[in-house]
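Student: The structure is given below, and queries will be raised subsequently.
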Amino acid sequence: MKFLLPTFIIFIYTLLVSALPTKEGSDPKAAKKYLVSDLPGLHDNITPDDSIPLMFAGQLEIYPESNTHYFFWKFSDSNQETITNRTIFWLNGGPGCSSMDGALLETGPFRINSQQQVISNNGSWHKSGDIIYVDQPAGTGFSYSDTYITDLDQVANYFLKFMEAYYELFPQEINNEIYFAGESYAGQYIPYIANAILQRNKKLHEGEQKYDLRGVLIGNGWVSPNEQSLSYLPFFKDHGLIDIHHPKWATLLAKHEQCQKIVNKIDSTFDDGTVHYYEVSSSTCEAILTDLLEYTQDTANDKNQQCINMYDYTLRDSYPSCGMNWPNELVNVGPFLRQEKVMHQLNLINLKKWNECNGKVGRTFQARHSIPSVHLLPELAKEIPVMLFNGANDIICNSQGVLSYLQKLQWNGETGFINKDNQISWVYDNKEVGYMLWERNISFINIYNSSHMVPYDLPDVSRALIDLITGEYDEKDVDGKKSFVTYPLGSRKENDESKNPVESPSQTIDPIISSSSSSVESSLSSSSASATDSDSTSSKFTRLIQLAVILVIFWGVYVLYASYKSRPSSIIKKPTNNTSNITRSSTGKKKNVQWADQLNQFEDDERNQESNQGIIAKAIGKITGSKDTRGRYAPVHRENDNEYIDDIELGEGISDPNVDEFIIGSDDDDEEEQPRSDPATHKSVS
């Protein structure tokens, strides 16, 4: 009888795990080794109201022949009432910058405090769908490989291989709606990956299933590089950062005109389908921002306030950092991820030291044989909604540049936004937070009071972007303006009168979309109906399971009570140490067990199998500069030793002109230099 209660509890635990509605068909044995059940501060700083998410993480093998492993970290909401059949893949840019920036500074459930512990981010996107952060290309963050890739087509192919491996691990999710989201240089990655998925869906092989791609969200994206750079001088002038009387105005204007000639040449050959060197090389145009930051520095101010922050023009930084010391919490992320216990908790096979950006990946990834992703947007917009959102304070990927290339772009039968002046106000939580243009499946959203990293500044607002792209908003007249109204999580009114009058897929994806897209709309409607039916069936089944569990619990309690009551008093002995311990152990268990808590025991099964490898203790990466600044890191000056350190993503144009090449002094330099090809000659170089 002494083993009955523990056995009964394990039985109940098994039933509860099997009752999770959207986890049907999962293989716990396969996924078990990727479970994340603990992190520094997880159980101390995350309150029951916040709820601990269900987490899986690890390095998935995608190409054994090159030892290529992609690191992923997945977050799911542990609150069963808010579970959705939606998967969001998040990518950061660089190239070569880790998506852990997104996970721990932007859209994930946690931020990192100064004690290198997790604390709650109340604007996490995992409340709107399972979100998976992936370090890619290979070599980025915790991902690793014996070889590095060089072009955007490879990015797409590698990610498709990752998705195959991911869905082998989580086969129950293969029918989920899929969205891709990211920022900065991910504006190149995401369109290429999305296009590859759509092409794959059209030529499936036997046994393959369609990936239900529903849309892409690109924040402050580096989509049309030279067109974006052409916006720098107008942006500075329009925001009062420089004027025509500045002594360097003529010099800046001359460089702006040089860039304009390059853009004109690109426009003249835009549709010929050829990769032109003058389009994939953007160093001439990017030099404008380098000069602007130099010429506008305020030497009379404090040393750390002399340069305009290129990621948020309302902030200041030291020169030549100019924003690369931002955001402030970035200094907590690296030490957190470099803790050996955290590496083990994230199930790393290779205990690789984490760096925010990998210079070797950036140097190798030239993208000289790939047309910029702006060319792919029209084809994507034929099948899925494309959302381009921008923080209004960003310089490096500013809104003016995005609108400039969109107004030239032809998609779905028209050029640019036809009604550019017909702006739609975006209202969130009774506040106007931005405006949007939305036509023919492409939307542009300008978000007030936010930077290059919108989710960092406005986490709650950024999460509502998911509501916009999925149609979970109300269309209203607010203060005399047409407005799309979104709400804090869970507070949207659910009556028919308040629901969005444009609920059909054709209007949800695009209020002004033409009838020529009816086939796409019909397909989306069918998929939505199917998903709804599936959810309903799953919900009913889950309720039956839960009812059965409750009945079993009552039965178990009754059996235990009856068995003790029926014992003769002569055989009831004083509890021994062992029985006392059992009693305390069982009665000390939590009665209201959360999903993530239930799975804590899995960590114990693996603890004895973990490696004893230590952290690779090397110096932080240093940079000595580059001439070709396209998509590369900007060197950041160290005031004490006149050295340069890694930039966060897309600081490519801010470099010392006297510096010839990047030399990364990080843990990567202790490894053998990766083989790569010279994009211009295709010859192997070391």
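Glycine too: its Cβ is placed from the backbone N, Cα and C atoms.
Annotated signal peptide per Swiss-Prot: 1-19, in sequence order, evidence recorded as sequence analysis. The topological domain 'Lumenal' annotation in Swiss-Prot covers 20-543. Under the heading active site, Swiss-Prot lists S184, D394, H452, citing sequence analysis as support. What Swiss-Prot records for 489-519, 570-590, 627-686 is region 'Disordered'. The compositional bias 'Basic and acidic residues' annotation in Swiss-Prot covers 491-500, 627-641, 674-686. Annotated compositional bias 'Low complexity' per Swiss-Prot: 504-519, 576-586, in sequence order.
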Student: Across the topological domain 'Lumenal' (20-543), what does the pLDDT come to on average, as a whole number?
Tutor: 90
Student: For the C-alpha pair, I'd like the distance in angstrom between D394 (active site) and S184 (active site), rounded off.
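Tutor: For D394 (active site) versus S184 (active site), the Cα atoms are 11 Å apart.
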Student: DSSP three-state call for H452 (active site): helix, strand or coil?
Tutor: coil
Student: What Cα-Cα separation, expressed in whole Å, is found between H452 (active site) and S184 (active site)?
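Tutor: Spelling it out, the Cα of H452 (active site) and the Cα of S184 (active site) are 8 Å apart.
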